[in-house]
Amino acid sequence: MAQIFNFSSGPAMLPAEVLKQAQQELRDWNGLGTSVMEVSHRGKEFIQVAEEAEKDFRDLLNVPSNYKVLFCHGGGRGQFAAVPLNILGDKTTADYVDAGYWAASAIKEAKKYCTPNVFDAKVTVDGLRAVKPMREWQLSDNAAYMHYCPNETIDGIAIDETPDFGKDVVVAADFSSTILSRPIDVSRYGVIYAGAQKNIGPAGLTIVIVREDLLGKANIACPSILDYSILNDNGSMFNTPPTFAWYLSGLVFKWLKANGGVAEMDKINQQKAELLYGVIDNSDFYRNDVAKANRSRMNVPFQLADSALDKLFLEESFAAGLHALKGHRVVGGMRASIYNAMPLEGVKALTDFMIEFERRHG
């Protein structure tokens, strides 16, 4: 079978080695004669999986000891509600920075629970989409927390700055599409959350990192399944967790550690992004409308000079083993999502195709 490279924004490509191991263990896991999907989440065998996954995740991100790691349901959208329900306390407002589609979605959900102070960070610089630097973000004095999304998958916009708003500002961030792709200083955040389906594992699992002093403040109306304290007190097993997604994510963590960890992923991701953006920038046939300072290394949207060729580009790229390149309906064009599991070889195959397609149709 020809090599297939999956550029889907999520659920996304998983490491080939991880899929191979999961395939080998599917019907007889851990010598039990059953699948990991069939064992009790409270049995000692799966408890070991859960504990190892948390330890490896903590190691990869150097999570400080005063932070709890929760393995949850609900995805990023679940956390759009969970953050205000857990962190507001007796306050009625929170700061929300709007830099794209997912930040705006979080704001919409937050309005059910508080009065968000929304700061629109989107700007245009020399005709390109960009984000105002953090020093220009206008925060309020009475906010319970400040929320932002460091990587906008649809817009192809990234905010790579590290928050530095002082110890009194609780920073909550949606890292769904950039978690584990580069080092981050967890201590600068109060809450970090990430859906698994991009850089962690299969859809169905969400990981939350929460500073322990923020526990115990949940609104009385907060559903128990979203209550950080309840999840923490029950070892993320208040109800039956998505065990297979948890297991597979644990395999991904071990794969990351075996391949140099987050620091090495950071280097490779930079190489992949430079290669792809380089082809786009050196061409009049392709274009990307995001300012270089805010370009995402995970999600690269691009347009063809002649949109009439979009359908042909997608058909021929798919036939060449380059899958899921269609852009999101909101922005159109193409989008290549190049998360950790996408090898440099895959991006090279894409850029070779792009160069050849331009030669034939430019």
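Glycine residues also receive a Cβ, built from the backbone N, Cα and C atoms like all the rest.
The L-glutamate binding site annotation in Swiss-Prot covers Ser9, Arg42. Sequence-distant neighbours of Arg42 (L-glutamate binding site) (same chain, six or more apart, CB under 8 Å from its CB) are Met237, listed in sequence order.
The annotation pyridoxal 5'-phosphate binding site is assigned in Swiss-Prot to Gly76, Arg77, Trp102, Thr153, Asp174, Gln197, Asn239, Thr240. In the shown protein chains, 24 other C-beta atoms lie within 10 A of the C-beta of Thr153 (pyridoxal 5'-phosphate binding site). For the recorded site, Thr153 (pyridoxal 5'-phosphate binding site), the DSSP three-state label reads coil.
Among the features that Swiss-Prot reports, N6-(pyridoxal phosphate)lysine is placed at Lys198, with the record citing sequence analysis. Within 10 Å of the C-beta atom of Lys198 (N6-(pyridoxal phosphate)lysine) sit 30 other C-beta atoms, taking all shown protein chains into account.
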Give the maximum pairwise CA distance in Å, whole number, for the residues Gly76, Arg77, Trp102, Thr153, Asp174, Gln197, Asn239, Thr240 listed as binding pyridoxal 5'-phosphate.
30
Lowest local Cβ density (other Cβ within 10 Å) among binding-site residues: Gly76, Asp174, Gln197, Thr240:
Thr240
Between Arg77 (pyridoxal 5'-phosphate binding site) and Lys198 (N6-(pyridoxal phosphate)lysine), how far is it from one CA atom to the other, in Å?
15
Starting from the Cβ of Asn239 (pyridoxal 5'-phosphate binding site), draw a 10 Å sphere and report how many other Cβ atoms land inside it.
11
List, in sequence order, the same-chain residues at least six positions removed whose CB sits under 8 Å from that of Trp102 (pyridoxal 5'-phosphate binding site)?
Gly76, Cys149, Glu152, Thr153, Ile154, Asp174, Ser176
I'd like the Cβ neighbour count for Arg77 (pyridoxal 5'-phosphate binding site), meaning other Cβ atoms within 10 Å of its Cβ, all protein chains included.
16
